[in-house]
Amino acid sequence: MQKTPVKSSDDLQTALGSFDGKSGLVLVTGVSGAGRTTTLKILEDFGFDAVDNLPLRMLSALVPSDCRPDRPIAIGLDIRTRDFGVDQFVDIVGRLRKQTGMEPLMIYVDAETSVLQRRFTETRRPHPLSHDRPLVDAIEHEKRLMAPIAATADMRIDTSRMKSAELRKILQDQFDIGENEGMAIFVKSFSFRQGVPAEADLVFDVRFLRNPHYDPELRLLTGMNDRVGKYIEEDPDFAGFITRLKAMLEPILPRYAQEGKSYLTIAIGCTGGQHRSVYIARILNDWIADLGYDTHLGHRDKPDEPTSGE
């Protein structure tokens, strides 16, 4: 694989070379302040088991040669890692590549010295090597120490002018993660009487739809019942509302995912949280799932057993 620094998503294909993106083990390293922790968090969102600052002597023990995990593993290591040594790190990685069937991939994150200086200054965090030297000298010293590791990395990412969303897109493409993967969407029905869910990102009020509460045969049922659903769908404005709701959501859901959002909560509310909101949440959840998203349906205020309510 050609070890080409990635400075933007436009450089991605050049950087990937022939790597097939199916590695079971990913090692994330690089200079301090370049985005190693952010990279690990993104991989964790994608389903990796993430381990940060694992003592170097435990790396080989964590990854036995005859074991391929059910889920991929991402391990973060840098100069702050206990018993970290550049030569030792390079040696261990070399042995892993020869001994395991996991096809380990090493990602090296870097950034320009001036950018790293600004990041440390803005966050007021000390550089791990700045105890006895100025910040810029510490940054340059770490770059020199880490150079042998950078030279052996499979993928180098320069985050100097990169937003976290672009970094996420690069990793998404690297590991062949679908555009909608990595973001969980929670569709939740609720009662306005009990208040709007605090975690809601998008709230839709469906109290304008005809209310099954006023039909004696439906009053004790919930929106999980098909008879209730049929009653709501007979509202003359139902079809137009659903069509427009889907038309609004379809283009914006992928934008939330592209911006790196891990969770999106869509709340559907009616008066009692028993009929209308439950039914609309059901059909909306099924539609979003059909788009390929990881969806989770919940009914905050729906009674467990039919009771008089809405």
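Cβ atoms here come from the backbone N, Cα and C positions, even for glycine.
What TrEMBL lists as ATP binding site is Gly30, Val31, Ser32, Gly33, Ala34, Gly35, Arg36, Thr37. Counting Cβ atoms from all protein chains shown, Gly30 (ATP binding site) has 29 others lying within 10 Å of its own Cβ. Under the three-state DSSP scheme, Gly30 (ATP binding site) falls in the strand class.
DSSP assigns Arg80 (GTP binding site) to coil in the three-state reduction, placing it in neither a helix nor a strand. Within the same chain, residues at least 6 positions away in sequence whose Cβ sits under 8 Å from that of Arg80 (GTP binding site) are Ser32, Asn53, Pro128. Per TrEMBL, the feature GTP binding site maps to Asp78, Ile79, Arg80, Thr81.
Residues or ranges marked as domain 'RapZ-like N-terminal' in TrEMBL: 25-175.
For the domain 'RapZ C-terminal' (183-301), the number of residues in each DSSP class (helix H, G, I; strand E, B; coil) is 50 helix, 26 strand, 43 coil. Sequence annotations record features per position, and here TrEMBL assigns domain 'RapZ C-terminal' to 183-301.
Closest to Gly30 (ATP binding site) by Cα-Cα distance, out of the binding-site residues Asp78, Ile79, Thr81, is Asp78. Annotation for Thr81 (GTP binding site): spatial neighbours Asn53, Leu54, Pro55, Leu56, criterion Cβ-Cβ under 8 Å with sequence separation of six or more. Cα of Gly33 (ATP binding site) to Cα of Asp78 (GTP binding site): a span of 11 Å. Note: the ATP site is recorded as Gly30, Val31, Ser32, Gly33, Ala34, Gly35, Arg36, Thr37; in the same chain, Asp78, Val109, Asp110, Ala111, Thr159 also have Cβ atoms within 8 Å of that site's Cβ centroid.
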